[in-house]
Structure formats: structure tokens, C-alpha cells
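K.L.:
After the C-alpha cells below, expect a handful of questions from me.
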Amino acid sequence: MSLSALSPITTPLLPNISIPPLLGASLEELTAWVVQQGQPAYRGKQLHSFIYQQGVRSLCDISVFSKQWRGSLANIPIGRSTIHHRSVAPDDTVKYLLQLDDGEIIEAVGIPTFPRDGARERWGNREIRKVDNEKSLDRLTVCVSTQVGCPMACDFCATGKGGYKRNLTRSEIVDQVLTVQEDFQQRVSNVVFMGMGEPLLNTANVLSAVKSLNKDVGIGQRSLTVSTVGIRDRIRELAEHQLQVTLAVSLHAPNQTLREKLIPSARSYPLEDLLTECREYVEITGRRVSFEYVLLAGVNDLPEHALELSQRLRGFQSHVNLIPYNPISEVDYKRPNSDRINAFFNILKQQQTAVSVRYSRGLEADAACGQLRRS
Ligand code: SAH
């Protein structure tokens with residue numbers, strides 16, 4: 001018998017239909033599913049539109065379906081969460097606690113680039129000067145979680161302090177974006193995978209969610225950013241999918257000794273190996289990598305750290321994003337004052353390292369980077 005006779009039979013025309021929950025499924029998957037239910041194929045398109053455009057929460061509410069069929073759909077889950085709690089920070093960032101089917105709670109954050117309605121006046125000209133065209137006024141970024149909790153236990157991050165429970169499914173990731181979109185009544189323009197969890201420990205579901213956010217929800221791949229602390233071989237795996245998403249890597253230190261003090265997983269995945277994989281990412285995808293660097297006063301914000309960082313990144317097609325530390329209760333790190341932040345920034349600039357400072361939004365609602373937690 002030839003080897004090919006032993007290989008599994010694949011049916012390229014029939015997509016994998018291990019759904020429901022339905023959210024996150026493509027038009028092809030939904031069409032295959034309705035056909036499996038004995039319905040005509042065009043119902044797939046209707047279902048797709050009701051799920052992604054109308055945000056339907058129960059299949060019984062899809063008015064274009066026959067009464068008889070609807071009756072049999074009552075228990076088919078779409079995969080929508082419920083808003084357990086919602087808090088609005090003074091900068092109009094909204095933090096959501098979302099309850100999942102099994103009762104677990106995760107956080108998602110909605111970050112409008114320009115505060116809405118009355119808040120526009122409060123922000124006044126300060127914000128208007130920062131935006132350069134009409135389109136950017138309407139930006140709405142969603143920060144999504146990829147796991148319930150996080151196993152990485154980075155020393156300065158609140159999420160890791162609460163431990164790890166489980167991966168999120170693709171439905172649970174896509175749901176966060178739809179939930180924020182509906183609550184703001186505004187189209188989501190950008191998604192950052194920077195909420196609770198380590199995306200590259202949940203690569204399959206993150207990749208399916210990326211695909212769905214792009215194809216079904218309609219967000220451009222370049223407006224999606226996946227942030228990782230670095231998991232061996234996973235950055236290369238991501239690169240091989242040839243996506244146009246932005247890769248952000250949490251670096252936080254210019255050398256191995258300091259990095260492993262802040263990030264326990266760095267012990268088994270040294271900085272040099274991580275940077276090698278990042279270089280391969282740039283080669284394979286042609287996209288630059290963004291390096292995140294949380295500034296902790298007196299720990300990693302000294303001039304010599306800035307110099308060492310720029311030397312290490314010399315010739316690397318990358319961008320450094322400095323994030324002044326957002327305080328959490330368990331540890332006594334401090335945010336550097338603005339002089340120190342500027343000094344660090346200026347050294348990188350002088351050394352020709354592309355750099356920007358990202359002041360996290362939502363600080364007052366504990367919704368900023370590193371402040372999300374399960375309880
Ligand atoms: N696990 C992923 C994504 C989640 S965290 C990662 O590590 O990249 C998103 C970003 O917020 C990371 O760069 C993370 O290091 C940073 N962060 C964590 N705690 C923070 C804190 N207290 N203040 C500022 N940024 C923090």
C-alpha cells in the first residue's frame with residue numbers, strides 16, 4: 001500500500017464544523033452548520049449577519065428564520081457573555097467585568113481615542129491637537145483577555161498575582177470586542193491582545209479569534225496587536241502564518257540578569273533566544289516588532305539601562321514602547337517621575353532607537369496595563 005493511501009482523507013470543501021458556540025465561526029462554517037441542520041445554505045449568510053452585525057444574543061430572536069426552526073434552536077449557544085460590572089474612568093476608558101458561561105469573570109477594556117459626547121468638552125483642545133485627522137477622532141481600541149488569569153507571574157503585574165484558571169475560547173475572545181462595540185455604540189477600530197493572560201500560551205484560539213475579528217467583525221489585521229512576554233518557538237509559529245498583525249514583545253529589561261528578576265519565565269527562555277526569534281519574525285513577515293518596556297523607578301530606568309537597550313536593539317527593525325509603571329497593591333515598585341521618563345526616552349532617541357511613551361489609559365478604574373485581575 002502506498003503511503004498516500006494511509007494519509008487521512010481531507011475534505012477541503014467542508015470546513016471544520018465543531019461549532020457551537022457560533023461566535024467566531026466564519027461564513028463558511030456557519031453555512032456548513034445550517035446545512036447540517038437541514039436548512040438551505042443562504043441561511044448561513046443571514047446567521048452570520050445576525051451574529052456579527054446585529055449582535056443577536058439568542059437564535060430565537062432571528063426573525064427571518066421560520067418559527068418552527070427557531071423553536072429548536074433555543075439551547076444552541078451563540079457564545080455571548082454578560083456584563084457583570086462596568087466602570088468608567090475619568091478619561092472615559094471603560095473597564096468591563098464579563099461573566100462567562102462557567103461563571104468565570106474576565107476583564108476587557110474599551111479605550112476611546114477621543115472621549116465621547118460631553119467628555120469632549122472636558123478634554124478640550126489638549127486632545128484635539130494630538131489627533132491629526134477626522135478619522136482618528138473615532139478610534140475605539142479594545143484590550144482583550146486571552147486567558148482567565150495568567151500563569152506567567154511577572155513580578156509587577158496584577159493578573160499573575162491571582163493565578164491561572166484556563167484558556168479562553170475563540171468565542172470568548174471575539175465576544176469581548178462585540179460587547180465593547182455594542183456598549184459604546186461605535187465601531188471598534190483596533191484590538192490589542194494585552195488584557196489578562198499570555199496570548200501565545202493559547203495560540204490556536206488567539207489565531208482563530210484574529211481571523212474572525214478580521215474577516216467577520218471587519219477589523220484590519222494591521223489594527224490588531226498581539227502582545228507576548230515570549231514563549232519559545234511560538235513567535236516563529238505566529239510568523240509562519242504570515243499575518244499582518246503587529247507583534248508586541250514585553251522586554252522590560254536590557255539584559256538577561258535583570259529580565260529574569262522581573263519575569264520568571266525568562267529563566268528558561270533567555271533574552272538572546274527571544275531576540276533571535278524576534279529577528280526571524282521580522283525576516284519572515286517583513287513587519288517590525290514593537291518592544292514594550294515597563295519603566296520601574298530605580299530598577300530598569302537608569303541611563304545605563306537605556307544605553308544598553310539601544311545597543312542591544314541596534315540594527316533591529318523595531319520600536320520601543322515605554323510604559324510608565326501602573327501601581328498595583330502587592331508590590332512596591334514605583335513609577336519614575338517625568339524627568340526620569342524623559343531622560344530614558346531621550347537617550348534612546350539620541351541613539352537612534354525608535355521610541356514612544358505610552359501613558360496607559362484607565363488608571364483610575366484599575367483598567368490600565370497590568371492592573372487587570374480576576375477578583
Ligand atoms: N502577557 C502579555 C500580554 C498582557 S500584559 C505580555 O506580557 O505581553 C500587556 C502589557 O502590560 C505587557 O507589556 C505587560 O508587561 C504590561 N504590564 C504588566 N503589568 C504592568 C504594570 N503594573 N504597569 C504597566 N504595564 C504593565
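Glycine is no exception: its Cβ is also placed from the backbone N, Cα and C atoms.
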K.L.:
Check TrEMBL for me: it has Gly197, Glu198, Ser250, Leu251, His252, Asn326 binding S-adenosyl-L-methionine, so pick out which one of Ser212, Ser227, Ser268, Ser310 it puts in that same site.
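P.N.:
That S-adenosyl-L-methionine site, as TrEMBL gives it, pairs Gly197, Glu198, Ser250, Leu251, His252, Asn326 with Ser227.
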K.L.:
So of all those recorded positions, Glu107, Cys150, Cys154, Cys157, Cys369, which one's Cα sits nearest to Leu251 (S-adenosyl-L-methionine binding site)?
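P.N.:
Checked the recorded positions Glu107, Cys150, Cys154, Cys157, Cys369; minimum Cα distance to Leu251 (S-adenosyl-L-methionine binding site) goes to Cys154.
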K.L.:
Running a distance check here. Ligand 1 versus the recorded positions Glu107, Ser250, Leu251: which have CB less than 6 Å from one of its atoms?
P.N.:
Ser250
K.L.:
Starting from Glu198 (S-adenosyl-L-methionine binding site), work out which of the recorded positions listed here (Cys150, Cys154, Cys157, Cys369) have their Cα within 10 Å, and give them in sequence order.
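P.N.:
The recorded positions close to Glu198 (S-adenosyl-L-methionine binding site) (Cα within 10 Å), listed in sequence order, are Cys150.
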K.L.:
How many other Cβ atoms sit within 10 Å of the Cβ of Glu198 (S-adenosyl-L-methionine binding site)?
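P.N.:
Neighbour count, Cβ to Cβ under the 10 Å cut-off: 27.
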K.L.:
To the nearest whole angstrom, what is the C-alpha distance linking Gly197 (S-adenosyl-L-methionine binding site) and Glu107 (active site, proton acceptor)?
P.N.:
10
